[in-house]
Amino acid sequence: MTVLTDKVAVVTGAGSGIGEAIATLLHEEGAKVVLAGRNKEKLQNVANQLSQDSVKVVPTDVTNKEEVDELIKIAQQTFGGLDIVINSAGQMLSSKITDYQVDEWDSMIDVNIKGTLYTAQAALPTMLEQSSGHLINIASISGFEVTKSSTIYSATKAAVHTITQGLEKELAKTGVKVTSISPGMVDTAITAAYNPTDRKKLEPQDIAEAVLYALTQPKHVNVNEITVRPV
């Protein structure tokens, strides 16, 4: 028996990169996985590599509260429960204030901050009612370390840290766990577009392993935060 046998996990941003790696590893460890993201074709490609009776594709825009509510509802209806929710949907666009790309700022705020909040508010009522569950938010080292070209992105990821820290206090003694995972540079399509190729990077699988570590601690242990950097 694998460590997450029959656990029900929802993973946003599951069509590629970190989200895909997380969804795949959780499935390998026995979880029933709901794949969420905007691109149905990418989600289906991921699903096709997994066992069809334990995976569900639900196209979802995390900036749309109604769609996120429906995602959580479908997960429960399909697999009969809700144990794990991974907020891995994220966006990194032009982040210099002096570039004045307000539309891109709005988009990052919507995906990175509102998406995290919408998913939490949809999942937590069920988790609180059953006195169990684990919410994991994928943040970023950029939330701690701002550069001249990462101002807006860093601000959104700092918000994810703050949201997670606040939830940790709100959920104390409820049986519901919450974790923030902050990767350094990860080799994905997003980072390839914005960063030099000679910079050291993590692999998406590295972040998936950090998620699994947080999920497999004893019941009385909550891993509040994990930082993952390349060496």
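Glycine residues also receive a Cβ, built from the backbone N, Cα and C atoms like all the rest.
Predicted, not measured: the structure shown is a model, and the values here were computed from it.
Here's what Swiss-Prot has on this protein:
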type: ACT_SITE; residues: Tyr153; note: active site, proton acceptor
type: BINDING; residues: 10-34; note: NADP(+) binding site
type: BINDING; residues: Ser140; note: substrate binding site
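Projection of Swiss-Prot feature records onto the structure.
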residue : record                       : DSSP (3 states)
Val10   : NADP(+) binding site         : strand
Ile18   : NADP(+) binding site         : helix
Leu26   : NADP(+) binding site         : helix
Val34   : NADP(+) binding site         : strand
Ser140  : substrate binding site       : coil
Tyr153  : active site, proton acceptor : helix
Cα separation, Leu26 (NADP(+) binding site) to the residue listed as 'active site, proton acceptor' (Å, whole number): 28
Could you tell me the C-alpha distance between Ile22 (NADP(+) binding site) and the residue listed as 'substrate binding site' in angstrom, no decimals? 16
Cα distance, Ser140 (substrate binding site) to Val34 (NADP(+) binding site), nearest Å? 23
Alpha-carbon spacing, Ile18 (NADP(+) binding site) to the residue listed as 'substrate binding site', which is rounded to whole Å: 12
Gly30 (NADP(+) binding site) to Ser140 (substrate binding site), Cα to Cα, whole Å, comes out at 27
I'm trying to understand the geometry here, so how far is the Cα atom of Ala14 (NADP(+) binding site) from the Cα atom of Ser140 (substrate binding site), in Å to the nearest whole number? 17
C-alpha spacing of Val10 (NADP(+) binding site) relative to Ser140 (substrate binding site), in angstrom: 20
